[in-house]
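Annotation comment: TrEMBL describes 32-51 as transmembrane segment. Per TrEMBL, Fe cation binding site is recorded for H363, H417, H489, H679.
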Amino acid sequence: MSRTNLLNSPTPVYDVLQPHPRTTANEHRNKVLLSILSSGLIAFSVSYLWLSTERTSAQSLYLSSMPRTVTTQSSSRPLVHLPVQTLRSSTSSNTDVPFVLAPQAGAESARPVSAGYGTAGVAQGLHRFPGLVAGVFAVAVGTLIWTTRKLMATSAPKVGLEDVAVDKAWCMSTIAARPEVPMQDVFENYKTGYQSVTKDIEDECWLEVTQGKIPEGLVGTLLRNGPALFERGGQKREYLDGDGMISQVAVKDGKVHFKSRFVGTDSFKREEEAGRFTDMTIFTAEDPRPEILGGPIWLYRLRDDIFGGPPSPKNNGAYNALHWAGKTMAIDWGRPWALDNDTLEVVGDGKTDALSKINYTAHYRIMENDDGTSTIVFFNPHTDWAKYKSTVSFYEFDEQGNQLSSKVVEFDATYFHDLIVTDNYYVLFDCPIKMDYGKAFVGYPLGKNSLGNTVSEDTDKAPLFRIYPRRGNEEPIFVESPYFCYAFHHVNGFDDGKKMVFDTCTWDRFTLYFTDIVKPDGKEFYPKTKMSRFVIDLEKGTCERKVIHETPCEYPVVGPKGTGKPYQHSYMCTSAVKDGEVHGPLQAITKVSMKDTSVDCAEATLESWVPGDYKFSMEPVFAQRPGAKAEDDGWILSLIHDGTPGNVGTDFVVLDAQNVEQGPIATCRLPHYVPIGVHGSFTPEYLGPATA
């Protein structure tokens, strides 16, 4: 595709907000506790009266055997907002979301549901009459929902935020209608990239370079990870609940070696032996766990999954792969799984050193220091909905795996997926979400929706930038966004001490990711994401938003020399086709080059490569050229899903990072199909065998 220059914008629309009420922990706690107490009293009273008529159980009931009551205490500091003004408009409708409740670290096995729930008489009564209990529970929860809605109606008025006006003359899309490629065919072939791998593929082989030549100087290993097994014994799981499979592509001396293996977590081994899914996951509504001690499964789902008991959703090690300080790790949520560098097998229990003894997510930032060394920054968000609290921990490690620093912050419950790190700050983008009480206390316990579906977008609140100093004890800075949106994956950010740039791929709604991305039908709107730049004035507490480009995009990456610093170049997956208002799936690899590195720059050039009509790029990964001086001096490595009918498979490609639109300078066909993955990384360390 040809380059498209985005012309200078007119004077940017400078939108700011005034502080508006955000639900506090105390308000949330009062609402939830009042609702729970009301429904609990009804449930207990009806259950007691009915069970007391049964001669065999009447004498075994005790008034002291009521279910435990969840109580919490607030220890949070009040939320501080810097001065801002408001911009109002109509609000959007609520939408289900793929919220990952990050459980605390702990055993994957289940606790008996009877623990802490009263005497054997009540337990026996509940066991004997599950139909009655389910009915009583439904009535009680109806009361809960009614009470909660009444309470919500008395809260602060809804505040809407409207989009920044976009001048189409300067914000031009690089995609156009391609009538020769039927959109429905594109979607159908795209979905072949989300088929489950049906067996443990432990391939290891040298790859033939089928096109071009591996460039001199490219030495290292691409690690890719993603859900690969989501069908077992006739059972099906949602894509994001699948078991992870590592793909390792090692390059040296012009030769390419490939290896793949499932991440051998405890759950994976247990389910392999059972021949079926046995552990609960986050995005699938069906619960494969057996009834606990013969009791109804909804009690277990309420106690542990909703009210903060032992975490039941399993850690699949499926969202990223990283090699750092000589260690290879598969990352999901919680503790990472340490892998053997040669075999990719899980090493022991996966908890071998400082890097793998802490919890963190699949997202991190690698910062290049002035002396040429690098520092990696992890973060671990954990949300306890029973207490309506979120806690985020930041960790920094050097190249030898030594922990350099840590910081822990706490605030009211919210959602984060990624982070930005600058020379001076950690930056979180607070997506406005809320718990859907009907789905949490009725739908989920009864198996009608997944755990991830219990949270929805909250149009009463504005998105919030939470800015924490990396060093020292300075107070954090909180600035609200002038644009109502959500963001899962951020591009990059930097600051000059007075202003900060935060670049990200924004979504207009908090969409159900695995429905819109994994299962598009070609008829509804494919998620219309765009690259947005937020310029935050750290002294005034104001925020301005600019649109860099409107081509639907995701999975952005920048090179090591640009991470956390003033930068020009980023790379991402983008749509390549459009039919009317419907955009095609992620297909192209696009380089976005800002005109300059200034804070206020909003002019960019886009350069794209489309692999084929029915080929789809996965997340690009940047491999820096040894001794590179320029920010974009290196290569882009990616796996490409080939959905061409009769030729479904996966390619490994190498692109020149300075000339993406020319296409691959080398291509290799993998020995087997690899599902469209999630994230990956590159290490300059060669992890393949010594000789071909």
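Placed from the backbone N, Cα and C atoms, the Cβ positions cover glycine too.
Remember, TrEMBL labels are computer predictions, not curated facts.
Around the Cβ of H679 (Fe cation binding site), a 10 Å sphere holds 22 further Cβ atoms from the protein chains shown. Excluding the listed site residues H363, H417, H489, H679, the same chain places Y319, N320, T361, A362, D418, F488, H490 with Cβ atoms within 8 Å of the centre of the Fe cation site Cβ atoms. Taking the Cβ of H417 (Fe cation binding site) as centre and 10 Å as the limit, one finds 20 other Cβ atoms among all the protein chains shown. The DSSP secondary structure for H363 (Fe cation binding site) is coil. Look at H679 (Fe cation binding site): DSSP puts it in a strand. Over all protein chains present, the Cβ of H489 (Fe cation binding site) has 18 other Cβ atoms lying within 10 Å.
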